[in-house]
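According to TrEMBL, the protein carries these features:
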type     : residues                               : note
DOMAIN   : A:18-122                               : domain 'Fumarylacetoacetase N-terminal'
BINDING  : A:ASP130, A:GLU203, A:GLU205, A:ASP237 : Ca(2+) binding site
DOMAIN   : A:130-395                              : domain 'Fumarylacetoacetase-like C-terminal'
BINDING  : A:PHE132, A:GLN244, A:TYR248, A:THR354 : substrate binding site
ACT_SITE : A:HIS137                               : active site, proton acceptor
BINDING  : A:ASP237, A:LYS257, A:THR261           : Mg(2+) binding site
Protein chains: 2
Amino acid sequence: MALKSFIQVHHDSHFPIQNLPYGVFKPQPHSLPRPGVAIGDYVLDLSEIAKAGLFNGPSLNNSDCFLQPTLNKFLAMGRPAWKEARATLQKLLSSSEPTLRDNANLRQKSLVPMNKVEMVLPTAIGDYTDFFASMHHARNCGTIFVGPQKPIPPNWFHLPIAYHGRASSVVISGTDIIRPRGQGHPKGNSPPYFGPSQKLDFELEMAAVVGPGNELGKPIDVNEAADHIFGLVLMNDWSARDIQAWEYIPLGPFLGKSFGTTVSPWIVTLDALEPFAADAPKQDPKPLPYLAEKISKNYDIALEVQIKPTGQKDSCVVTKSNFKNLYWTLTQQLAHHTINGCNLRPGDLLGTGTISGPEQDSLGCLLELTWNGQKPLSLNGTTRSFLEDGDEVTFIGCCKGDGYNVGFGTCTGKILPAP
Amino acid sequence: MALKSFIQVHHDSHFPIQNLPYGVFKPQPHSLPRPGVAIGDYVLDLSEIAKAGLFNGPSLNNSDCFLQPTLNKFLAMGRPAWKEARATLQKLLSSSEPTLRDNANLRQKSLVPMNKVEMVLPTAIGDYTDFFASMHHARNCGTIFVGPQKPIPPNWFHLPIAYHGRASSVVISGTDIIRPRGQGHPKGNSPPYFGPSQKLDFELEMAAVVGPGNELGKPIDVNEAADHIFGLVLMNDWSARDIQAWEYIPLGPFLGKSFGTTVSPWIVTLDALEPFAADAPKQDPKPLPYLAEKISKNYDIALEVQIKPTGQKDSCVVTKSNFKNLYWTLTQQLAHHTINGCNLRPGDLLGTGTISGPEQDSLGCLLELTWNGQKPLSLNGTTRSFLEDGDEVTFIGCCKGDGYNVGFGTCTGKILPAP
Ligand SMILES: [Ca+2]
Ligand SMILES: [Ca+2]
Ligand SMILES: [Mg+2]
Ligand SMILES: [Mg+2]
Ligand code: NI
């Protein structure tokens, strides 16, 4: 572990100098939001670093991209600017570099204790798309809803299936989730149920944050798709299974999803994830040429879901999965999204779909873990078929390096009762 | 017809003083976009009217809502501001009012010939949703894709089905549409087709433009929903039927739709449409209480679709429908959209779904008109199963008053070949 910061970073921290994930924060409740990177227990205020003239490379010199209330402008600048920012910040924060280390005034202005800041959504999200890229999840959902004969629809192996999600209700980690009301699937010939969802679920996902977009009508080549992805966040695609089951034929999920989607505040860049790249699964049948990529890459990101029931002191781990469990890669998802000419914009969010693994204890949602409520989970002396009011759900994602982590922190939300 | 403008308005015009629809335009190619209303063959520049201090009511006095490049700020202000603007503009443009009529300098600055301006998208669209609210369309699609036994899914009569659409690819009337490429439904056991869509279609729709939104978790009551709707536009939800048929199970339409959606430039307000209100169809079964409204209202808006093949001089009318053909009302759509707590934002677009009527010549898309290509339409000596490259599709919508129209103008787009 060569690189070290002058800031003390505990070996368990998700945010050593090898990571430097980007977010947007308010140092005080009434401050304007501004971009920052996480370093140990601190947030480095990039607006202060920019104002101090320390971004002095060719892309960022004189740019106001870090004086914005979102990261969209920085994201639009693309990989050369991202590489330059990363190099500048790794140098500035390293133990051997005096510029910030020995400047008490600048340290005072630019380094804010993480526990003092309020994180906000890092980007303005023009559109949010959710894929369905884990085969295990597809098979389990198909078995539960359609039956065990042909659980995975025939199109699934030919294209990364996705639907358009709701951008307005994407919220930052820590935002409470109000239990949705709606129509639930009727039993037999009875009229549909109406009331608070009785099958409220989480979905363990990650999401890609789009960098430079594309013009309408101009698809992005799968081998260039990585240059359009800035980084990844954790994402909880909260789902009301009873609402979803009744509404989704024939146009897909709508109100069963759109009441809230939670993202983690720190965007971990693909550059920081690169040491954790892993081969993607072999695809059979071979994908069509527009989806056939020269390098087919996943990332080894360990994922965990905890539930803390109201009033209990301890969380209970309910599943452990890994980003590697995805069948369709991020770059295939992005290329597929644009093959019809659809335009992406900086800050767009591309969810992976629920990341379920092959084992019972690696399933990514309660629908699968409890087999649609038939086999309740035991949880520190209580049980859960679906989420109860007061439950706090926390996702954790982390890559384990040699003596350091590249982590995502947490993505959390608590269920409040329906109105 | 009491009210008359000092501006000559032909009796066939869609834009008499009774209408005054809102749009955003550039008077010159390099001007900044600004709001305007259509009056006869002119656009009244609202930024000039505002700068002249003529919006002097309590809501709009000193507001900069008409100095913006979109209507979003005005939309967010709600019905009191909309009523005030309408009253101010109807007075200012009336034949008996000298303020603008007799001020040559202000007329010169504020009245721009419509054929000289470039119209742009009137709002920044945070989210676009598409409903499925015509029973005739639902029945025909179900018959074609699922079979004649149970063509309409059982949920359809209980809730206004919808899906999230793609906001980034909503374009203004007149924008060319590039034929999408993608995977088409395979025949039998062959691999899926890949290439330019062979079943490119239009969908005759209208869309509601949302005014004030709602907070996440706070549904809008169906009896207050009209106050959240500013007005309506024509909308062409271009659809690639072969792509849609292959991708849509189980998560709904995605790339079969997201390559482009065209809206007309002028938003006709609900206030202007009020004289054309019509009873909505009786609903059986009775809707659940959250969808049961005191007044259930449609509008009598005659709709027409024309296709002009490339190189031909004349358009050919391919269908005539009416907004009255919708089963679920706009207010039910909006209330349903928020019942789970989903937040709407000013400028959001809520498409009605294809507006098909009961007769063969009132069907709203080629899928229905040609019965999935089996019965090609004859078109001025040529035929069409689906759209060909070079075809220009034009929607027209108009309410017929006593001696005047309240019209939407046109919504048009031409098909360019796939890349
Ligand atoms: Ca999902
Ligand atoms: Ca549609
Ligand atoms: Mg969600
Ligand atoms: Mg469309
Ligand atoms: Ni330790």
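Quick reminder: no glycine exception, Cβ is built from N, Cα and C everywhere.
Note that TrEMBL annotation is computational and uncurated.
Overlay of TrEMBL feature records on the structure.
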residue	record	contacts (Cβ under 8 Å, 6+ apart)
A:PHE132	substrate binding site	A:ALA138, A:TRP156, A:PRO160, A:ILE161, A:ALA162, A:GLY353, A:THR354
A:HIS137	active site, proton acceptor	A:GLY353, A:THR354, A:ILE355, A:SER356, A:LEU363, A:GLY364, A:CYS365, A:GLU368
A:GLU203	Ca(2+) binding site	A:ASN236, A:ASP237, A:TRP238, A:SER239, A:GLY353, A:THR354, A:GLY364, A:CYS365
A:GLU205	Ca(2+) binding site	A:ASP130, A:LEU234, A:MET235, A:ASN236, A:ASP237, A:GLY351, A:THR352, A:GLY353, A:THR354, A:ILE355, A:GLY364
A:GLN244	substrate binding site	A:PRO253, A:GLY256, A:LYS257
A:TYR248	substrate binding site	A:PHE254, A:GLY256
A:THR261	Mg(2+) binding site	A:TYR128, A:GLY165, A:ARG166, A:SER169, A:VAL170, A:VAL171, A:MET235, A:ASN236, A:ASP237, A:TRP238, A:GLY351
*Identify which of the following recorded positions, namely A:PHE132, A:HIS137, A:GLN244, A:TYR248, A:LYS257, A:THR261, place a Cβ less than 6 Å away from any atom of ligand 1, and list them by sequence position.*
none
*DSSP helix, strand and coil counts for the domain 'Fumarylacetoacetase N-terminal' (A:18-122)?*
44 helix, 22 strand, 39 coil
_Chain B, Cβ under 8 Å: which of the recorded positions A:PHE132, A:HIS137, A:GLU205, A:ASP237, A:TYR248 qualify_ = A:PHE132, A:TYR248
*Of A:ASP130, A:GLU203, A:GLU205, A:ASP237, A:GLN244, A:LYS257, binding-site residues neighbouring ligand 4, Cβ under 6 A*: none
*Enumerate the residues of the same chain, A:ASP237, A:LYS257, A:THR261 excluded, that satisfy the criterion Cβ within 8 A of the mean position of the Cβ atoms of the recorded Mg(2+) site; list them in sequence order.*
A:ASP130, A:GLY165, A:ARG166, A:SER169, A:GLU203, A:MET235, A:ASN236, A:TRP238, A:SER239, A:SER258, A:GLY260, A:GLY351
*Could you check which of the recorded positions A:ASP130, A:PHE132, A:HIS137, A:GLU203, A:TYR248, A:THR261 have their CB within less than 6 A of ligand 3?*
A:THR261
*For A:LYS257 (Mg(2+) binding site), just count the other CB atoms lying within 10 A of its CB, please.*
27
*Going by DSSP, is A:TYR248 (substrate binding site) part of a helix, a strand, or coil?*
coil
*Where does A:GLU203 (Ca(2+) binding site) sit in DSSP terms: helix, strand, or coil?*
coil
*Ten-angstrom check, please: count other Cβ atoms within 10 Å of the Cβ of A:ASP130 (Ca(2+) binding site), all chains counted.*
28
*Hey, of the binding-site residues listed (A:ASP237, A:THR354), which one tops the CB count within 10 A?*
A:THR354
